Structure formats: C-alpha cells, structure tokens
Amino acid sequence: MHRYKITFAYDGSNFAGFQIQPGERTVQQVLERAVNKIAKKPQPPLMVFGSGRTDAGVHALGQVAHFDLPYQIPGPSLVRALNSSLPLDVLVKEATEVAPDFHARFDAHHKRYRYRVVGGEFTNPFKRNYTGHYKYPVDVERMQTAAQDFVGEHDFTSFVASGSQATSNVRRIDEVTVVRDEENDEVVFDFVGNGFLYNQVRIMVAFLLEIGNGRRPVDDVMRVMKAKNRDLARGTAPASGLYLVEVTYDSPANSQND
C-alpha cells in the first residue's frame, strides 16, 4: 500500500462537520467515497484520516488528511482524479506520497485557525455563511492587547465547551493576531497553536469581542483563565466565521516523493 497526504479546502456550509456521522453529509464521507471510487471500490473500503475534526458550518482553506492506495500515482494525477469525483464544495489542492507511518493527526505540529467577523446592525445575507456577525463597535487595539494573554501554555478549561473528549485542557498557543480588514469591513482573528479544544477558538473570539466592546476589562483573560470556570467566559461565536487555514508538519521528513 502507498500512503498519500492531501491538502484540501471546503465550504462547510452544507456539511454536518468533518467526521462521518450516520445519516449526515460530512466531509470525511465525501472524501472516502471519492478515494474508494478511484481505487475501484476495494474491500474492505479505504478510510480517510483527517488532521482533526471541524464542526458543522466551519470551513477549511488548508485541511490535511491521509489515506492508503493499493497502487502508486503521481500527486498531480491524484489531485485531478479526486477533484473529478468530489462535490463542488470540496477542492483538493495538493497530494503527496508520504512515509507509510505518516499520520495526518498525530504528526501535526501546528494549526492555524482564522475567524472573520463582520459588523453592522444587521447581518449581510451574502456573508452570513462565511463570517460571524457582531453588531456592536469594537476597539481592535484593546482586543489585540488582551489576546496576547492567550499566548503560551495554559489550562484552557474556561474556554472549552461541554462535550469535549480531551483528557487534558492544557494547550499551547504560539501566536494570536487581531486586525481590521478595511477592504472587506471585517475584523480578523488568527490563532496558531499545537492544538485546540472543542469550540476553543470560537469561545476566545466571543470573549475578545466583549473586551473590544468595553464589556470586559483588557486584563480579563488571565482572571477567567485562572478560575477554570467555563461560565465566566460566557458566549461562543458562530461556526460560520471559523476557518482552518493550515496544518504544518515537520515535512520533508514525512515526504517520500514530492
């Protein structure tokens, strides 16, 4: 068997998330259908393993997955074959043969998530599936200052949703930026870390928006973090504004044939 790593994008609007769920349309489901089609429907069916799960409505610009094929195929040919079999809301960007022990999830080094927020009193119908809406004015400098308290290794118990299956809530965040995109009239949050908990990014965004609006003091992150109390963080930003931008690996070591 030959193992392949793919990088792909998807519009999460019409998916019930990444992971296969009975009776639901998911990203993993349509990927496995395409992979098994080009592999001539082997038995048992081939499985696709993603770098992580995204929830319903969450998008990806650079999600990563791996799977095995019973034959060797050049990367560009695999990209064409998969895209010919996938629905229009999924696009494979790159395919590479990798070492047989490569794992998209367990070998991931960092992930970058982006959250886009649009303002205004009412929701823009053309952005409603691709941004979060926050109708109150916000101070980007306040949010950028407060966001730096998320950087480092912390126990993020206050910023994880119920239903998390993680055995530890300790994670490391290496970078957080908050900028105003004047051209698109959006505020854009970027988070880079070694992994994120269930709804963690969306909870942190909602928290920072309250700081930006003056409903919380700028130094409130550490107070709530130390309390380890989810109720103190309050809201969760909508799924529609969240994007998995990229997943990084110590990759030339994992690559076989580029």
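Cβ atoms here come from the backbone N, Cα and C positions, even for glycine.
As written in Swiss-Prot, here are the features:
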type	residues	note
ACT_SITE	D55	active site, nucleophile
BINDING	Y113	substrate binding site
>> Neighbour count first, Cβ atoms within 10 Å, every protein chain included; then name which of D55, Y113 tops the list of recorded positions.
In response: Y113
> Cα of the residue listed as 'substrate binding site' to Cα of the residue listed as 'active site, nucleophile': how many Å, rounded?
Replying inline: 13
